[in-house]
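*Asks:* If you scroll down you'll find the structure; I have some questions about it.
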Amino acid sequence: MQVELLLLQRLRLISFCFVKRGNHLAQRSSCFVRERTEIRILDWIQSDTMPEIQLGGHTIASHGVKLARLHVLDWLIVVLLGTIELILKFVAPFNRFIGEDMMTDIKYPMKSNIVPFWAVQIVVLLLPFAIFSSYYYYRRDVYDFHHAILGLLFSVLVTGVITNVIKDAVGQPRPDFYWRCFPDGKPHYDPIIGNVICHGDKSVIKEGRKSFPSGHTSWSFSGLGFLAWYLSGKIRVFDRQGHVAKLCLVILPLLVASLVGISRVDDYHHHWQDVFAGGLLGLMVASFCYLHFFPPPYDPHGWGPHAYFQMLAQSPNSAQSTSTYHFIQQPMENESVYIPPRYSA
């Protein structure tokens, strides 16, 4: 179907070049240049290969140092974001007023984490890294490998910083705050203003004021959401072929992230609003970070990072690469071509 469509566009283009007899010579020449570009694209599609002619020669050994030099500032920002997130762990949250009448909604029992945070880190970081490494081993494309890892770290760390900043600024109590504040079950309130006077462990009380948004959920959606975007581009889930298996593979990481969020409600560490906000935050940041490094999955070049095509444009044989790239991105001029009727002699 794709080949037939390109053949039809090619015939329209040739007709356009011959019918428009009154155009300038430069315009007619441009038509034939684009027609020759069409022939190259048809050859690529008929051979059932992507336009990735130079893949296999861009390894870590050959291009790793070059990429590191180009993105040294980006990696410094990654280190800075990680440092900021660690510092925010020690910042005391906002001491929000909590009266006796508010304790009804935050009097759930204290339970241990169903999904510990170290497990979230393994799933969010190591699982995508394993998939990125496998794709690199298969394609030997360091541009894809580098930008996938950099995009993943940006997504997770930016989400972590935003989440912790909001947690500290809001100071929302968790559903089990009552037992964090009064572990012996004996409440005590200020006789004047009615605010709680906690006598539990200070670190436990501090964590009890960091309910909104859910950090487990935002982390899960930032990493696994990025992975879902990545898989969408690699397996071409939006190729209009209607393969349900591809769609299921992309949904699977999002399902895992959703289950992590649900577990935070089940163990009474978060309200459902916290989980919803955390998931939305993580997915939004993951989308921005992925689209910063990669084209959208439905794009004809959605299988590779932007940097790869920029590298092709700067390579010695860039004439073929750049002309092809720009042709695919631009719509056909004058789709409706007027063909004058033929009159019999």
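A Cβ is built for glycine as well, from the same backbone N, Cα and C atoms used for every other residue.
The shown structure was predicted, so the numbers you read here are calculated from the model rather than taken from an experiment.
As listed in TrEMBL for this protein:
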type	residues	note
DOMAIN	149-290	domain 'Phosphatidic acid phosphatase type 2/haloperoxidase'
TRANSMEM	72-94	transmembrane segment
TRANSMEM	114-138	transmembrane segment
TRANSMEM	145-166	transmembrane segment
TRANSMEM	216-232	transmembrane segment
TRANSMEM	244-263	transmembrane segment
TRANSMEM	275-293	transmembrane segment
*Asks:* Would the transmembrane segment (216-232) count as touching the transmembrane segment (72-94), if touching means at least three Cβ pairs under 8 Å and pairs must be 6 or more apart in sequence?
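*Replies:* No, these stretches are not in contact.
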*Asks:* Tell me the residue counts in helix, strand and coil for the domain 'Phosphatidic acid phosphatase type 2/haloperoxidase' (149-290), as DSSP assigns them.
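*Replies:* Split by secondary structure, the domain 'Phosphatidic acid phosphatase type 2/haloperoxidase' (149-290) comes out as 96 helix, 2 strand, 44 coil.
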*Asks:* Calculate the per-residue pLDDT averaged over the domain 'Phosphatidic acid phosphatase type 2/haloperoxidase' (149-290) and state the result as an integer.
*Replies:* 94
*Asks:* Counting Cβ pairs under 8 Å that sit 6 or more residues apart, are there three or more between the transmembrane segment (244-263) and the transmembrane segment (114-138)?
*Replies:* yes
*Asks:* Looking only at the recorded stretches 114-138, 145-166, 275-293, which one has the largest tally of CB-CB distances under 8 Å to the transmembrane segment (72-94)?
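*Replies:* Most Cβ pairs under 8 Å with the transmembrane segment (72-94) come from 145-166.
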*Asks:* So if I exclude everything within five residues of the ends of the transmembrane segment (275-293), which remaining residues of that chain have a CB under 8 angstroms from its CBs? That is, six or more out.
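*Replies:* For the transmembrane segment (275-293), the list is 147-148, 150-152, 154-155, 158-159, 162-163, 212-223, 225-226, 228-230, 257-258, 261-262, 264-265, 305-307.
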